[in-house]
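As recorded in TrEMBL:
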type	residues	note
BINDING	B:42	L-glutamate binding site
BINDING	B:76, B:77, B:102, B:150, B:170, B:193, B:235, B:236	pyridoxal 5'-phosphate binding site
DOMAIN	B:4-345	domain 'Aminotransferase class V'
MOD_RES	B:194	N6-(pyridoxal phosphate)lysine
């Protein structure tokens with residue numbers, strides 16, 4: 001077996017010990033004589049799996065009881081409609097900071113149910129920075145940001161001060177990668193398939209006082225209230241993905257939690273950015289102080305070099321480095337599960353490639 | 001390792017060779033150096049996994065190109081709203097045959113968006129039979145049935161003749177358990193976690209001419225058009241569940257397909273029903289000709305005996321036999337992956353229990 005360093009933007013690398021454990025327990029979880037995939041979601045043993053996952057998630061992100069933690073389906077794309085359907089309770093209007101492709105999708109979906117007020121955008125500069133010059137509205141139900149932009153490689157270093165207005169953040173591509181103060185947010189959501197586990201699981205962390213105010217056209221399955229009341233067991237949840245996410249949470253907790261991984265993530269990103277800043281071939285065009293720790297787009301001067309790079313990197317065991325089609329070039333996604341060695345190997349390869357192709 | 005016979009109504013048993021294969025490939029799928037959980041859903045290798053799953057599903061159910069096969073999330077519960085949101089295109093009205101708990105949920109959700117016209121119901125008899133005496137409306141967008149009733153243990157032996165009006169069926173607990181003529185249906189849906197694979201995946205088989213007529217309040221992720229256009233890759237699908245479902249399809253195809261498993265399912269159900277009909281202790285109250293092949297509820301005369309039975313069966317490696325709380329007693333769910341031996345062992349245990357406790 002020859003594991004590769006996989007720089008996919010998502011689904012993406014999982015910690016190897018998590019996969020080993022999942023494989024070991026595949027036919028018989030903990031002496032039950034069945035796989036986690038085969039268990040009734042109402043059974044005692046599965047209840048302990050989901051409760052354990054929630055409790056580790058709360059511990060890792062320091063989430064208190066004024067928030068509900070929900071294990072949902074449908075990805076961030078479903079949240080784009082679920083959020084306005086549940087939070088457009090007074091003004092039917094929200095402020096948006098447009099920082100990229102995923103922000104745009106969130107904006108477009110909110111418009112189905114009310115007013116999406118774009119108070120700032122970096123679209124004119126191809127989303128290479130995080131806007132800081134904006135005025136928040138007073139007559140909005142929430143303020144929405146995409147805290148880390150997977151395609152464009154930017155992130156909010158600090159978050160807007162929204163006072164009494166709930167701040168809503170799509171953290172899909174950076175959740176649990178750095179310490180954040182959850183109490184600053186009304187709602188945090190994230191697809192699991194980048195930092196948390198397999199695709200098919202969406203995490204929502206929502207302040208309890210935002211629950212139960214959905215529009216009456218909201219499908220039952222798209223009401224936060226439905227899932228909050230039933231502790232994510234209104235219907236069959238994505239059981240196996242929750243189990244694997246729980247293993248990832250345990251892995252992270254055992255290593256020292258988010259504080260520790262943040263340090264490692266800073267180290268990993270620095271290795272790559274430092275090289276990019278010195279390189280005469282590869283460039284990252286993002287405003288330095290807004291650079292993402294998780295998604296690092298870069299490019300050589302020509303499409304031919306980019307293609308050659310992607311191909312040769314793949315052969316060297318550095319997988320899935322092609323950039324998103326909207327951005328082009330390359331992108332290294334270096335989520336929590338990417339070891340430091342993977343980034344070191346990537347930089348060594350880039351140096352070699354630069355020498356060979358100059 | 002001591003695998004049990006697991007009679008859970010869902011999630012439920014998976015074929016052991018499928019679990020063995022999934023465990024073997026957990027850290028390295030087919031020489032890629034990564035788990036299926038870690039792959040980009042846009043990668044060539046994952047594309048071949050999802051395409052292969054679709055093509056096997058089409059083969060097994062004999063589905064032609066006038067239908068789309070969609071791999072979605074959210075379970076049947078999400079379909080309860082998705083169906084009216086997409087199919088209420090002319091009359092905003094549908095006919096329903098109410099055959100149990102899941103029918104009721106489908107009816108209640110359709111009422112959010114139009115008229116749910118219940119043309120027949122067996123509720124007065126605690127859903128112990130499938131109604132046959134009803135008159136279909138002419139001014140409806142579709143007719144909805146629950147083809148197999150997981151809690152109550154009934155199934156439609158034959159399906160309503162709806163002419164030009166699309167017939168919609170929730171087949172969650174019986175899909176691929178018997179040969180059906182898909183061309184009789186406008187839409188078939190099923191949560192995967194009973195006969196097809198892990199929870200978190202929902203299969204929708206929809207006639208192409210029903211796609212693209214959604215109400216304008218329909219969230220993008222709840223439009224069939226969104227997923228049909230993008231071949232279930234509009235956003236990240238539940239990748240691993242699709243992979244495991246593909247392994248289940250392969251297992252079924254290798255053994256001879258739906259025709260073969262239907263024969264085995266008939267055999268399994270006959271073993272249990274024949275015993276129940278002879279037993280002086282255990283009874284199944286369902287109208288004989290409407291009996292489900294998949295879910296077989298039964299009960300002893302007292303709650304005490306039921307509790308004793310469930311407990312002792314569990315100790316004997318016959319797991320999760322407790323009936324649904326709305327029905328009580330016991331329930332044996334004997335889906336495709338339950339071997340004949342499991343049913344034989346259950347009946348042997350029931351005989352012994354009856355002797356010991358009369």
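Glycine is treated like the rest: Cβ placed from N, Cα and C.
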Proximal to chain A - recorded positions among B:42, B:150, B:193, B:194, B:236, CB under 8 Å: B:193, B:236
Assigned element (helix, strand, coil) containing residue B:77 (pyridoxal 5'-phosphate binding site), judged by DSSP: helix
Site extent for pyridoxal 5'-phosphate (largest Cα pair distance over B:76, B:77, B:102, B:150, B:170, B:193, B:235, B:236, Å): 31
Inter-residue Cα distance where the pair is residue B:42 (L-glutamate binding site) and residue B:170 (pyridoxal 5'-phosphate binding site), in Å: 30
Neighbour tally for residue B:42 (L-glutamate binding site), based on other Cβ positions within 10 Å of its Cβ: 15
Assigned conformation of residue B:193 (pyridoxal 5'-phosphate binding site) - DSSP reduced to three states: coil
Distance, residue B:150 (pyridoxal 5'-phosphate binding site) to residue B:42 (L-glutamate binding site) (CA atoms, angstrom): 36
Rounded inter-Cα distance in Å - residue B:150 (pyridoxal 5'-phosphate binding site), residue B:194 (N6-(pyridoxal phosphate)lysine): 10
Residue B:102 (pyridoxal 5'-phosphate binding site) to residue B:194 (N6-(pyridoxal phosphate)lysine) - Cα separation in whole Å: 15
Position of peak Cβ density within 10 Å, selected from the binding-site residues B:77, B:150, B:193, B:235, B:236: B:193
Distant-in-sequence Cβ neighbours of the residue listed as 'N6-(pyridoxal phosphate)lysine', under 8 Å, six or more positions away: B:9, B:10, B:11, B:12, B:150, B:172, B:173, B:174, B:175, B:294, B:333, B:335
